[in-house]
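What TrEMBL says about this protein:
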- 1-18: signal peptide (SIGNAL)
- 41-231: domain 'GH11' (DOMAIN)
- Glu127: active site, nucleophile (ACT_SITE)
- Glu218: active site, proton donor (ACT_SITE)
Amino acid sequence: MMFKSLLLTAAVAAITTAIPLSEQLFGRSVDLGSKLEMRQVGSAQGYGFHSHYFYSFWSDNSRGSVTYTNLQNGSYTSQWSNIGNWVGGKGWNPGGAKSIAYNGTWSAINQNSYLALYGWTKDPLIEYYIVESYGTYNPSSGAQKRGTIQSDGGTYDIYQTQRVNQPSIVGRATFYQFWSVRTQKRVGGNITTGNHFDAWTKNGLKLGNHNYMIMATEGYQSSGSSAITVREIGKDEAPYPNEADSRNDNN
């Protein structure tokens, strides 16, 4: 499910190196029986609401271990070890143009991992990232540069990639990924999502109807940890005060 990607040709060329994090994003869990062992504690995989925020937590269950734990309000923690691929975080459903603030820790700068505002739209089906920090794999690798945006005290390069017959929020599909990748990495600050959406549109990258949007941690064939809190600027209460805690199975 999560993060970002290379075109297939780039992925093949880089087979001896780290594969893009989004290689298995939002895929179905695989039952490997006794061949591999996947340990999971903390919050169960799935999506829903917790402490009046939307959350999503997915893993490909291929190897290693991951612990994702929903905390109060817009907070969560994660720790993963030798994981195949996982992504999780808290935010909104639907997403959209918001001014958000986030802070916390992310200890994966020397690993294949992202810290990003991550979301989906439908009609058209688009997977998007506003990458605040990344580790050993640069998400712009193999991608088509479409422009640059100045926002929230930094510069973001805009990229587009395409995924062919890959897992998505509607099952396997072919879709585009839109990226804003911050050139000065950081862990904490404000993100004005509407600035990125407008910049994408001006550069020919058109979103659809917003599905969910989370402040996500992702790991691919790596180990690390994070502790992140996110909120909408100017809002005193949680976004979904009438939603009870709930969980649904991933697609």
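Going from the start of the chain as shown, residues are counted 1 onward.
In case you wondered, yes, glycine gets a Cβ from its N, Cα and C as well.
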In the domain 'GH11' (41-231), averaged pLDDT is 96
Inside 10 Å of the Cβ of the residue listed as 'active site, nucleophile', count up the other Cβ atoms and send me the figure.
28
Give me the CA-CA distance between Glu218 (active site, proton donor) and the residue listed as 'active site, nucleophile', in Å, as a whole number.
14
